[in-house]
Structures are given as structure tokens and as C-alpha cells.
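Reading through the C-alpha cells given below for one structure.
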């Protein structure tokens, strides 16, 4: 009779991270998947990271997860998004070679101790005394375990839609998990339906690249992993094109044939990744929409047209593609499609991602209502860790909102639930000044060491990095200038008699360690990576105290009542999305408003300020 400590169901991004985390803790772990050869497949866009998402990848890496290292091994166009903005909202991103990414993930898993890969389909759970104690497989029968992690992605009762054609599938070419979906309903788990979509795939050699503008990779690629010294893969460029009036007219003329608009799909799709037909219907006044043509690999003929997700019939897809500059003669290798799938209301989970009604069952990824590789992987790591700790009779791990974006996401899911696919944005975090992508290891690697999921190699690397940073910080805090000395060096400060350290000067706008080294030569010995960390830390030091005060003030304002007469439309700065949700929910207090899906700390501050101003004006008139 087969048995393991932990069973992971599903081999997508959540499942791979869950399996690795569980095994790193020391639990005997089985990863169950339809096809071992498909482990680590990038089912949709060939990219990792981005705004908010890049923070999650850095946090996964700080916890010794796989995604950051795999992305570095496969990255073929690294770009740091929001480079001109502050470090807190910069988002590392890379296009990845699909094959290289998959190979990297599979290599990590096959080399992982305590991990067994099993090729089969789970058709039911074993439940004893209201606790999950294993699974039943389609071919191999019963496997017992101390905990099970479900990471079914879009496979749970998944259906693909292309025009009026519909069939059961987890993704193109792979079967759906239908029996397991039916069994979950029998356990009185609240399920819903969501949908996502993907564009057609095009042949690279049939695109007229010479007519299109190009987007270059960064000259100096910034890796995801704190262990990566250098990006080895050659960096490529992608091209940019646009839809036009002719494209839009073809889509409008055939909108009734779209699965999304014909009534065939009941699940809501991701708001921030709309289909092209959604864009035309909702933003009809636009004369065009930007499309990024992203090659899927160095030696792959496939191109991903980012921005053209659709569920229109294949003949319509071919027609509108021919109207787009550079794509007039493009060959469609695979049509775009929508996929609809079951998800579990995440409000049924604890913050360890365990289902409250079925102890021993953990959920991670799209089954919890999220969208995106990075969101799935982050949940997978946490669920796998907690499943292993449960079996080892250790306390469950909660990650707070003040510690990591992972904590923000899990808290949002569990406390607010979802009505549409959830994706991460930096605006969701109250503590984003301290939750930067550059300091993810400082925040999380010591915790991961306590939890037992960090390798000796990573821990040694982290300690050496911190020692260099501590030494550099100490040097900077012990080099001083008086106001007169500062002026003599061209530094403009108040003549208040206060001596300022090199660390203090780094908080000044446009100040760099390189400039300070002109009159403090000992600073030249600090390596470039430590310089970058120190400069960012010093820049934010002044603001972190204020952030803490703002948070304390916000907590006091939670009990502030929202008048029923409040004109939400009059509050400038609120998105139309939030205005409509607030009007629909009609929250009675700020605490109620906090629970609205998509509500951000910045939006709450706008509402509070508006209410307080209205009260002051009313008091003056009285």
C-alpha cells in the first residue's frame, strides 16, 4: 500500500512550488500530474514577473523557491518595469524561452530529495473522520497521506471555448479533471466558475518584422534570484504593432459569435487582462490597441501576440489578424481560446491555505480564484510548507501583510474572497515602501531558515550579503560632515550646526555613493550590489516612520462611519471600478469598505479624507 507524508495534485506553477517546499522541509512528498513531461509548462504568456508579480517572484526566491532561478535560466528579454519610479514599485520581468523554463523546473524537481513524481489522474479524495487522508487515482488506486495539496489550475471541470465550439479540457491538448470536480461538490465545498483566455499563436517566420517598431531588452539584465550572478541566455527584442479601425469592425460584426458574448460562458474573466473583443466593446472610442509580439523561444517558431486574447471563431481570428500591420500574412499555429473552470471560494480557507471544513486539504493557485503564474507559485510554496508542517505536527505558518506581498494576497483571498480572477498589484499593499523587490531576502530568508526550507548554499550567500551591507552601512554612518564642510564639497544643507553622516546624505534627492566617494575615498571599495542596496535603504529610511504613522491612523479610522448620503462619484482619484463596487455594496463604515474586492489603502485614504472634509464644512455652516 503506497503512502506519503504529503501529496501534491497538479504540476503547474503552484504544484511545482508546493512539491519542492514540502520536500525541502523533509516530508516524503508525491507530485501527481497527468504528464510528467509537462511539469513547469507555461500555459499562457511566455513571461515571468511584472508590476506586483515581480515582487512575488523575488519573495518566492527568498524562500528558496524555484520560479526565480528557472526564470533566470530561461529569460530571453529582461526588463525592469517602472525603472523611472521609486524602487518600491519597480517590477522585474522577463520573457522566457518556454522549453528552457520547463527544463529548468523539471531539473530542480528531479534532483529534489524526498520527492517522487507520479503520472496519473486523481479522481477522488480519501476522507476519514472528516479529515483528508489520501487520494484515489484513476490507474494506480489508493495512495494515503497525512495531507493533500490541490493545485488544479484551469483543469478542474475545465471547458475550452472557441466560438460555438466547446469541449472539456484543462488546456489545449490536455484533458480536464472532471471526476474530481464532481467529488468536491459532494464534500459541500462552495465552488464557482471563472474564465481566462489566451491569444492565437503565430508563426515567427510569417510575420513582417521589418515594418514594426522594436522593444529592446535592458542592457544590463536584472536577475530574479538572489543567487544568480549573471544572465547567460542571449537577449532578444520583441515587436510592437496595433489593432486599427478595420480590425475593430471585423470584431464588432462578429461579436455575436464570440463565446464570451454569445452566452456560452458564465464565469467572469480577469479585469486586467481583457479579451480583444472586450476591449472593442468597452473601449470602442479607441482607434487602436497596442499588441506586443513576443517570441516564445530562441529556437521556436511560435510568437505570442500579447493583447489579442480571444474566444472568437478561428475564421474570424484569421480575418482580423490580417488587418494588423506586420501580420497580414501571418500563419496561425494555434487559435486563441477561452477556458472556463471551477474555483473554490477562498473564504473557506485558513491563512495557511487549509480548507476549514476538510482538515488536511490545502488549496493553491487558480483553484483559489487567482490568475497568473506568480500568484499561483507563491500560494503553492506556502501551501506545501504548511502541509508538511501539519504532518510533522508543527505550527502552521502565516505570513502577515506587513511582511510580504504573499501575505497581502493570502489575506485578501481569505478575508475578502473573489468575484473575478485576482492578480497582484503593488497598490494592494499598505506597506509597499518596505515590501520592495530588492529587500525580499532581508524580509523572508531568515524566516525561511527558521522554517527549514532554505538550502545551505542560499543561507551562506544571504549571510555574506548581509555582512557586506552591515559593514557598508556602518562605514557610512561613521563618516560625518559639518554644514560648513558639506558646503565646501558642494552639498547644500541647512546651516543648523548638525553633523550629517554619509548615510544621511544618501537620503537626499539625486545623491549617490559614487558622488560621496569623491571626498570619502574609502567608499569606493564597496561593491556595486551593496551600493545599490544601501542607496535604496537610505532613500526610504525617512519615509518608513511616516508610513508606520499613516497605518496607525488608518487603523483608528476603521470605525469611521460612511454616511448613506455620501456621493462616491464626487471623490476624485477613485477608479470607476471601485466607485461601482462601493455603490453596489453600500458599506456602512471604513472597516466594511476595506473588505470590498479591489479596495486599496490609497482609495481608503481618499474616502476618509473626503468624509472628514465634508464633516468640517458641515460644522462650519452649523
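Glycine too: its Cβ is placed from the backbone N, Cα and C atoms.
For 10, 11, 12, 13, 14, 15, 122, 177, 366, the entry in Swiss-Prot reads FAD binding site. Per Swiss-Prot, the feature NAD(+) binding site maps to 269-283; the stated evidence is sequence analysis.
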Give the helix, strand or coil assignment DSSP yields for residue 275 (NAD(+) binding site).
coil
For the FAD binding residues given in the record (10, 11, 12, 13, 14, 15, 122, 177, 366), what is the largest pairwise C-alpha separation in angstrom?
18
Sort out the sequence-distant neighbours of residue 281 (NAD(+) binding site) for me: same chain, 6+ apart, CB within less than 8 Å of its CB, listed by position.
255, 261
Measure the Cβ-based neighbour count of residue 366 (FAD binding site), defined as the other Cβ atoms within 10 Å of its Cβ.
30
Can you tell me how far the Cα of residue 269 (NAD(+) binding site) sits from the Cα of residue 122 (FAD binding site), in Å?
27
Could you measure between residue 12 (FAD binding site) and residue 275 (NAD(+) binding site) for me? Cα positions, answer in whole angstrom.
23
Greatest C-beta neighbour count within 10 angstroms, which of the binding-site residues 10, 269:
10
Go through 14, 122, 273, the listed binding-site residues, and name the one with the sparsest Cβ surroundings, counting other Cβ atoms within 10 Å.
273
Quick one, of the binding-site residues 271, 279, which Cβ has the fewest other Cβ within 10 Å?
271
Relative to the Cα of residue 273 (NAD(+) binding site), which of the binding-site residues 10, 14, 122, 366 has the closest Cα?
366
Taking each of the binding-site residues 12, 275, 277, 283 in turn and counting other Cβ atoms within 10 Å of its Cβ, which one has the fewest?
283
With residue 277 (NAD(+) binding site) as the reference Cα, tell me which of the binding-site residues 10, 14, 122, 366 is the closest one.
366
Of all the binding-site residues given, namely 10, 14, 122, 366, which is spatially nearest to residue 279 (NAD(+) binding site) at the Cα level?
366
Cα-Cα separation of residue 122 (FAD binding site) and residue 275 (NAD(+) binding site), in Å?
32
Between residue 10 (FAD binding site) and residue 271 (NAD(+) binding site): CA-CA distance (Å):
26
Calculate the distance in Å between the alpha carbons (Cα) of residue 10 (FAD binding site) and residue 275 (NAD(+) binding site), and round it to a whole number.
27
